[in-house]
Amino acid sequence: MESRCQLWPWALFVLLASLRLLGAQHDCSSGACYPPGGDLLLGRAQHLRASSTCGLTKPETYCTPHGEWNMRCCRCDSRLPHSHNGHRIANVLSSAGRSRWWQSQSGMERVYLQLDLDEKFQLNSIVLDFRSPLPTAMLIERSTDFGKTWEVYQYLASDCAAAFPHVPRGSPESWGDARCQALQAQHGYPAHGGKVKFSVQDVASTITTSYSQAVNKLGQFTNLRINFTQLPHVMRQGYRSPSTFYAVTEMQVLGSCFCNGHADRCAPSEDPHAAQVHGRCECQHNTAGPHCERCAALYNARPWAPAEDNDPHECQRCNCNGHSTSCHFDPEVFRSSGGVSGGVCDNCQHNTAGNNCERCQTNYFRNQRQDLAHPEACLPCECDPDGTVPGSICDPLSGRCVCKENVQGERCHLCKPGFAQLAHANPMGCRRCSCNVLGTRQDMPCDDETGQCSCLPNVVGTDCDQCAAEHWDMASGRGCRPCDCHPGGSLSTHCNQFTGQCSCREGFTGRTCSAAQQEQACPDRHYGNVRVGCTECNCDFQGTEDVGCDKSTGRCLCRPGVTGPRCDQCQRDHCSTYPSCEPCHPCFHIYDGDIQRLRLRLHQSALSNSSVLLPGGTGGSHLGPRLSQAEGMAQQAQGILGRSPGTEQGLAQVGSALAAIRDQMQGINPNFQFLDVTASLSSELEALNSSLVIINNQYQSKKTQFETSRSTDLSGAFQTIRSAYQTSANASGLVAGAAALLARSRENRRNAAALEGAAGAHSAKLLALRAEVAVSPNLTPAVNKICGGFRVEKCTPAQCEGLLCPRDNGTACGAGLSCRSAFPRSAGALGTATKAAGELGSLSARLRDTAQLIKTTETSANQIQSNVRRLVEQMSVTRTQIEGDVRRIQQFIQQVRNFLSDKDTDPATIQEISEFVLSLRLPTDAAAVLRKMTEIQNLATKLQCPESILAQTAEDIAKAKQLQQEAEQARNRANAVEGDVEEVVGYLRRANTVLLEAQGAIRGSSSSLRFIQERVEEIEAVLGPAERNAQAVAEQLAALREGLRQLQQAAGQNRLRASDAQRAAAAAGEKAGSAQQSFQQVKQMYAELKSRMQQSPALGGQGSRVQSIDQEAKDLFEETSAMMLRMAALETEIQESNRALLSKSARLSGLQERVGRIRDAISKRVAYYDSCS
């Protein structure tokens, strides 16, 4: 144990100095988890500001005590950002080093430091390292809405009562309960600065044991403000007062990104080497958002909630059947589902709809061949818009469309039989075919697209309503047959389309005019026997053929479109007024065809349906006889219409036969008188026609009623009849049972009379019994025994004045009094039981709190043990890395030295490297490193062996568990005891005592664990800046190494260019020498030419060339002189660069020696801490 404890100082140093060590985190799958913390100020210097800074507008002088009687005055000039005597707010960042600090203006009382962040973060703690004496009073505030509102975290003062008289002191008891704490430096002395630390967990420790609640209630913030409200008290030095101000050497805001307990790490920044804590989270538990403040797109089946210690509140996936990528939470849907799911899918795809995309959209139906999650689970309805009812939708299961009345087919794309020309504008879909039923094929009346009728053989017309030329007898229903007019006896090949009668020539007769007349006939418009005498036709000759009537019978021969016995009426299918009788509108044939079809279907539909639907018999229905009469008349009409229709040819034959019989009778008995029945026949026919019209009207009325009855629901009428029948039956039953009820009523009346007679006799007995109860028995002794009183008045069941047990009874049980009767004893027992119940409730609550406290302590102990194991594992790895870094630095310094000592290195490059090396800012000097080591050693000395502390903590936890079990056993025994209440109270008191001991043991363990945690944080605060400075130096050296490589390449190229320049200079020198010689020669020649010119001035063009050559020579001479001067200046510059190179090489050697000394000092301290106990 002792040897292992000796490794702790070195292990802590390596652990905190290593950049690869991550803080222990909770498992996100079992509950809330949080990212590791860091300094939020790093990389955010621009977000930190101070309300007052010394020397910001002009230099200021401040004086501080120096020694016992003297003062030292210094100058503060913060106008330039990096001035050595400037004290801007950026100096409080840990990356600025310990030699710089922020300082306020002297004498300014109220000053604040404010951090404004652009994201919401989680705050763990704040550490302020003061250079000045501690403020007399200060307070810490936070904002969670970017500075709109502020909330006080904590008040701090050396004297809370004086500084904040209205703020309570002590530990907070609820959220938002800001208290004042004594302002004491964590290290150092108040008069010479010190550290002030604020921890969110420390504030929340007295409110809750839940870490997640503390983070959610107190941890989140967007703005932080530290208000200094009273300057520190500084003693006077002689006759002068020192300057009073606030000065902070270092400020750390430790925290992480705020993730609502749903993430264990923050999103990495774009720069992998940046030490800045990023503000966004890498969310887990199916959450999303910068702070995991909402559920992910497809995980909104349950409401979002922040994670708790033992409940991650993981967002649940919505069931969208694969047809949506997002959903939202609906509280109403959640309540209606019984709390199972409230997810409503957004923008259902693949033609689906519904909260879960579980059904098809309008005008789409379910594809039964595919699963619901398939993209083709819903197919479009293929309804024809022309044949579909407007606004209707297809069946969502089968896809069948809702067709218009005259349309059929699954897609409503076909006309029903007898209908044609499907059109969107037609509300019925298709129009009825206007085909004549007698001339149309029944299997296919008309074409459903064009409406063209399908005529029977030899039937023509758009509506198949007339026979073809030279054909007749369309009424047969089998088509028209040829007229077969005799070519010799007929006037033409045409005949009457209804009778088939051909137009005969004189002397021919018969339907086809094939029979020759044997005798001379009567003239036109007359009939009869020529031998007896001709009679004028009883016809209206405006409506007859030219012959007027039949020569034999006298029957009027009507022209087309005319009918009636006298041919004085228009035919059925002809309108207007007689005698014009023009053909009716084609629509007439449509209705006429309907009437013909109804006539043919009468025996199959109307009468059979009416006989089935209408009740039979004579059971009280007044419609029976009339319906029977109508049925009989309809049957007669059916029989008449069902017979073969008589033709004009048949009637003519009968008339011919009657005429022959009449002639024979006349020959037998010339005086025989024939009765003229034709006179009455006309009136009979008129009566029969009127009857037919009446019957037709009645038929149409009955048909309309029947169709109406078929189109309505008869079940309602039937139910009404059944209900009335049931009501009548019930009434009959009630009437039948009234007699029995009346008999029972008479019997009850007789019994009541007998009981009334007996009551008189019993009344006397009751009066006597009441008088007896009024005097006896005497209940006073029993009352005194029950209530414990001394009642004297007589008490009987009939009369007992006052309360049986008075409330002010002097015999009631009290403190130190014994109970003598039943009622006081029961009251005392009830009070004791109430007290025991209260103690039991309090004990249960304390047991739950103790169990939670034990659990929290175990979690902390396990976390520290896990940290210890990781620390031991990384000791050797970190030491190896540090030694490797030292070797690489030595190799790099040797490379720099070799490069600088190279004789071919460019002086400008040497100067650049030297200035960069001299600008390197080492973490500190050897003395500062020694001071850091001393601080670490002091902290390690204060820190006891963690294993012994953890062992003691384990023992305390075990003892606490044992004590808790004993307390629970005592509580169970108290619950089991039912007789002696005092024994229950004793058990409760012993359990309370045991519980207090357990809580004390747990508090001791918590204090030890908290002590370890504080020492680790202090060591981390000491080594944090040095670690970051070392990292910065490593980055600068890496940049220098890259720059050195590039400079080496550039130096090589410069050497090549220098060699070329030397060769070019030598060549230029040779050229200059030869040019000089040439110039001398040219000069001599010029002198000679000049003398010649003087001698002979008329040289002409040669003189001009000589002057030109003279000017070129002068220019060449001047250029050569300038080149020589530049070469001399270059030589001087090279010499000066060589001297500067030698000077900076000497300075670099001194710097290398300084680095070596610092490295040796660190190595010695590392070895010392590796072996110290």
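Using N, Cα and C of the backbone, Cβ positions are placed for all residues, glycine too.
TrEMBL lists coiled coil for one of the ranges 206-236, 950-980, 1136-1166, namely 950-980. The disulfide bond recorded by TrEMBL for Cys483 reaches one of Cys467, Cys495; that cysteine is Cys495. For Cys556, the cysteine that TrEMBL lists as its disulphide partner among Cys539, Cys575 is Cys539. The CA atom of Cys464 (disulfide bond) is located 18 Å away from the CA atom of Cys483 (disulfide bond). Ranking the disulfide-bonded residues Cys292, Cys455, Cys537, Cys549 by the distance of their Cα atoms from the Cα of Cys513 (disulfide bond) places Cys549 first. In terms of Cα spacing, the disulfide-bonded residues Cys292, Cys403, Cys483, Cys537, Cys549, Cys567 that come within 10 Å of Cys556 (disulfide bond) are Cys537, Cys549, Cys567.
Taking the Cβ of Cys495 (disulfide bond) as centre and 10 Å as the limit, one finds 24 other Cβ atoms among all the protein chains shown. Using a 10 Å Cα-Cα cut-off from Cys502 (disulfide bond), the disulfide-bonded residues that qualify among Cys412, Cys455, Cys483, Cys558 are Cys483. Within its own chain, Cys403 (disulfide bond) has Gly387, Thr388, Val389, Gly409, Cys412, Gly429 as residues 6 or more apart in sequence whose C-beta sits under 8 angstroms from its own. Here the C-alpha separation of Cys283 (disulfide bond) and Cys537 (disulfide bond) works out to 115 Å. All protein chains considered, the CB of Cys558 (disulfide bond) has 26 other CB atoms within 10 Å.
For the disulfide-bonded residues Cys292, Cys455, Cys483, Cys485, Cys495, Cys504, a Cα to Cα distance of within 10 angstroms from Cys549 (disulfide bond) holds for none.
When the alpha carbons of Cys292 (disulfide bond) and Cys455 (disulfide bond) are compared, the span between them is 81 angstrom.
For the pair Cys558 (disulfide bond) and Cys504 (disulfide bond), the Cα-Cα distance reads 15 Å.
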